[in-house]
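According to TrEMBL, the protein has these features:
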- 510-633: domain 'STAS' (DOMAIN)
- 106-125: transmembrane segment (TRANSMEM)
- 158-177: transmembrane segment (TRANSMEM)
- 183-206: transmembrane segment (TRANSMEM)
- 240-257: transmembrane segment (TRANSMEM)
- 269-290: transmembrane segment (TRANSMEM)
- 321-343: transmembrane segment (TRANSMEM)
- 401-418: transmembrane segment (TRANSMEM)
- 424-447: transmembrane segment (TRANSMEM)
- 454-482: transmembrane segment (TRANSMEM)
Amino acid sequence: MEENRVIDITTGSFEVHKVVSPPHRSTLLKLKNRLKETFFPDDPLRQFKGQTMKQKLILGAQYFFPILEWCPNYGFNMFKSDIVSGLTIASLAIPQGISYAKLANLPPIVGLYSSFVPPLVYAVLGSSRDLAVGPVSIASLVLGSMLREVVSPTKDPILFLQLAFSSTFFAGLFQASLGFLRLGFIIDFLSKATLIGFMAGAAIIVSLQQLKGLLGITNFTKQMAIIPVLSSVFHTINEWSWQTILMGFCFLVFLLLTRHIGMRKPKLFWVSAGAPLLSVIISTLIVFAIKGQNHGISIIGKLHQGINPPSWNMLHFSGSYLGLVIKTGIVTGILSLTEGIAVGRTFAALKNYQVDGNKEMIAIGLMNMVGSTTSCYVTTGAFSRSAVNHNAGSKTAMSNIVMAVTVMVTLLFLMPLFQYTPNVVLGAIIVTAVIGLIDIPAAFQIWKIDKFDFLVLLCAFFGVIFVSVQDGLAIAIGISILKVLMQITRPKTVMLGNIPGTGIYRNVDHYKEAMSVAGFLILSIEAPINFANVTYLKERISRWIQDYEEEGAKKQSGLRVVVLDLSPVSAIDTSGISLFKDLSMALEKKGLEFVLVNPIGEVMEKLQRADETKNLMRPDFLFLTVDEAVASLSSTVKYQIPEHV
């Protein structure tokens, strides 16, 4: 057995180095390491090593409740910064909460409820210092559109509200489960290209939906695709209200201008942050003064005063709508979770601290589960509010608590003031917020780097605007998965050649100076080998051999040795081992040598286990480098002069 594990061949003065099998590890140890790398790549237990029991309990409490980590060292100077940032994001959260609730076809008050309880939960459980929690446009749009396909929010508003809370519960349950089970890699199927295309398409759909409010249309289509929406707009010209259009245009220009100022000069963040609330105040005063509701300007109407009523008795855990709320919860849960974690990590990188992805999943999930029982719908960390929070100088998650307290005061005492707020201004606020989701520079960058990724982006974009929001997302994810499957089932194989004057072998298509060695076909497989690609690899290698033999016939130089470089092959299964056996037998019948170079780790171990006939581990079958294989086998080849490929 020892002779099979270590190979030491010397040819003349040329030494062939040993190809050593990996150290023996038990199956239990390998399984343990595999599970650790799959579910615990961040090694969360590392901080507990070498600590006393008391310290372990403290660290454990801080791990599950990050507020215990920063609260003991919290000072007045930090509190001053958090008050400023909390009040600033509250001025943005109040009008956005009302607007996004209407986008989800929910009562406006639910948007404010969702800006009160969830931020308090996140402040205790969340690990980001900058994430500002509340309703977001995309999740609101998806929630409203998916539920509206089955239940009408106007004909049956109570049932619609119950389904929205139920979907929020299942969204939170799904999010928290991903965190507890360490399955966060599932959301990685939403690639950057998918998200950019989806967000851009959703931004356009959201903006087009606001034409109802911006134009004063009463009978508007319930469909989300661009063609029905535009058709509805131009078929209801008789409903357009010039008073509404004038007010909407003025406030939309104002909001876009302040947004531009905030983007160009980050120090003036308060200009763009306060603009939505200022727009609500001014427009409300104007409507109240001129009695705009009597002149075709639609208003919110009377809002319920008081903090969140309990809604646990409104949740649906059975019945005919269970499948709908589970599906809606999973889709909105994935979208909101992806946005929240991406935003949190973005600002954490700017301030040089770490955000634990699994903690965030648990925090956002529990936040939504608690929210669903307190009249809230799906919430997460929004980029616009988090950017304002960051620029305002937020130090900790206390800014979320300050925001929640401000919203609570609004719910308790200020709700009558919003009675005359015009819907057209809420539409302008939504358009201003979502327009930032269209990232043209990022799309152009993807086009430059990867055309297939750009195709995924386009599929997501056009799927959303021409089909539906959820179908567009599903199409993009499907194409992304297809791309991954293509990479698995059609791995790249390249032909290697020698860099003259060196022992280095590289891809002949990449390095033009690389030269093939006469009589040798040197191939490299640049992917794991498994049951999904062995058939393709066998056919591809056979084609390489045929092409070489046809080319050799023209040059009167035959093929003698096939060298397979396995350095890039990180894993293999039994089908892959069978591939090597089949190739070895097929080439032996043709009178050709077949050798493997540098099988690493798992590959070497499985080769050794499968070597029942003692052919795979024989001294002249395995080599450490391509150069050593060529040097050792050159004596069997008639032509040894390199030729250009």
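We count from 1, first residue shown onward.
Positions of Cβ are set from backbone N, Cα and C atoms, glycine also.
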May I ask you to check whether the transmembrane segment (424-447) and the transmembrane segment (183-206) make contact, with contact taken as at least three Cβ pairs under 8 Å and only pairs 6 or more apart in sequence counted?
yes
For the domain 'STAS' (510-633), what's the model's average pLDDT?
86
Same-chain Cβ contacts of the transmembrane segment (454-482) under 8 Å, 6 or more residues past its ends?
141-142, 145-146, 189-191, 193-198, 200-202, 204-205, 224-227, 331, 335, 443, 446-447
Within the same chain, the residues 6 or more beyond the ends of the transmembrane segment (321-343) and with Cβ under 8 Å of it are 131, 136, 138-139, 142-143, 146-147, 150-151, 159, 163, 166-175, 178, 184, 186-187, 190, 195, 355, 357, 360-361, 364-365, 368, 378-383, 386, 470, 473
The answer for the transmembrane segment (183-206), taking Cβ pairs under 8 Å and residues 6+ beyond its ends, is 39, 103, 137-138, 141-142, 177, 224-226, 229, 334-335, 337-338, 341-342, 357-358, 361, 430-431, 434-435, 437-439, 442-443, 446, 450, 453-454, 456-465, 469, 472-473, 476-477, 480-481
Counting Cβ pairs under 8 Å that sit 6 or more residues apart, are there three or more between the transmembrane segment (106-125) and the transmembrane segment (401-418)?
yes
Same-chain residues at least 6 beyond the ends of the transmembrane segment (158-177) whose Cβ lies under 8 Å from its Cβ atoms
104-107, 110, 143, 146-148, 151-152, 183, 311, 314-317, 321, 324-326, 328-330, 332-334, 336-337, 361-362, 364-373, 375-378
Can you count helix, strand and coil residues in the domain 'STAS' (510-633) using DSSP?
55 helix, 22 strand, 47 coil
